[in-house]
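According to TrEMBL, the signal peptide annotation covers 1-21. Taken from TrEMBL, the feature domain 'Glycoside hydrolase family 9' applies to 25-503. The annotation active site is assigned in TrEMBL to HIS431, ASP482, GLU491.
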Amino acid sequence: MTSLFFLVFLFSSFLTLNVDANPNYVEALSKSLLFFQGQRSGPLPTDQQLSWRASSGLSDGSSANVDLTGGYYDAGDNIKFNFPMAFTTTMLSWSTLEYGAQMGPHLQNVSRVNIRWATDYLLKCATATPGKLYVGVGDPNADHKCWERPEDMDTPRTVYSVSPSNPGSDVAAETAAALAAATMVFREVDSEYSLLLLAAAKNVMQFAIQYRGNYSDSLSSSVCPFYCSYSGYKVYSHMYYLFPKDKSLQLNNFNVNFIMMTQDELMWGAAWLLKATDDSNYKNFIESLGGGDHPDIFNWDSKYAGAYVLLSQRALVNKDINYELYKQEAESFICKILPNSPSTHYTPGGLMYKLPQSNLQHVTAIIFLLTTYAKYMKATQHTFNCGNSVNIVPDTLISLSKQQVDYILGENPIKMSYMVGFGSSFPMRIHHRASSLPSQVLLSKPFNCTEGFQFYHTQNPNPNILTGAIVGGPDKNDEYPDKRYDYIHSEPATYINAPFVGPLAYFASRGSA
């Protein structure tokens, strides 16, 4: 339960901060968007600002006789995993849809450029071969044995796909969500491109619905343990534990798991297509899925909380009682996030702490939902409670979001900004191949698979500043060792930055929405 003392403390802290004491949110927003240039795959444009990067992955797709160049490397490696990339795209689009006006014309355009870098690639993946969706490029097992610049890659650029016989409802529905969200981003600035995205989104969503299955089962070691669709596996594990000896029940529970393991993405994808089209068929499909999970987390794998908040806008802002259930679920999720909830821990320094590996991916995604739900609440003067006497008002969520944003930007016990290149102290030895190896621009000599490890093992700071990158973050005790090998804390990822863009834009505009 949320204590009254904490809320009073949170509000007093928030209200007594003057403008000069705040981090420079505009600078942080600009750098958070710039980061995506460091993750680009494919031929780089002439206006590339992070000049230490060069073109890479120029033959991607050739092994399957298709063009799959472009897109983003997910994190510190040289692989294109479409599952997290599509989530990144969805969240960057949602950030732009909700907070584009707060970004200002220039940064809003920068965000659109970042989105299009992903959607151009995702369109290729969705349309290159009828009846097939390409979902990744590069052999992750080979890549992770090497430490190479993307420009020097000599590992196999294997192409992965899902199809009717090897389905992947989860990755397909997430791809549909990304394309549908981006449709609305481009609707007024490039209507032709927007329609192209929408057509592809509909087709991919139909594929996800018609051919059910988990892409982790279809692709196994090509995506696991890197980006398995874990959300369903947890359901199966828990049910198997309840009935370990009854084989008939195991089979029934497996069938339940088969439904559950892709259901969050199916709801998420359909919710985005409903928003993009207002087609009641998507509403009917969402209702056919039945009740969803009751999450306390939101990330690239677990989408229920995001779907609930997205759908709750119709209940709150549009006053549509058909979506009241999703509003209730969104508020139940938020209650599990607030301090003193048994579902969410906070470090001694005040950071939301969900899981040890790359904790900030959960923090940035969750505070996006908090900020956005608060926006919907403000628009309708809505409040709610979490089963106690404390009334939750929009500023409850805004204050918590701001505290988390400020922590990430350096207002923490060790005064470390977890955004690279922001503030006076930030991570210098991030787990990132391109950042840690000498730039090809300065040293054209290629480094093979193992030669790059001399730079991996050095204690020297990375020679290339991956401006705007947000790393995995500190441990549960607010400590951060800044070690390159400590990837669970020092590796950046696109899906950490993408949802952070929204709250940064909100606070950059001094909280106007």
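Including glycine, each Cβ sits where the backbone N, Cα and C put it.
Annotated pair GLU491 (active site) and ASP482 (active site), C-alpha to C-alpha distance, rounded: 10 Å. The Cβ of HIS431 (active site) has 24 neighbouring Cβ atoms from other residues within 10 Å, across all protein chains displayed.
When pLDDT is averaged over the domain 'Glycoside hydrolase family 9' (25-503), the result is 92. A Cα-Cα distance of 9 Å separates HIS431 (active site) from ASP482 (active site). Scoring each of the active-site residues (ASP482, GLU491) by how many neighbouring Cβ atoms lie within 10 Å, the top position goes to GLU491.
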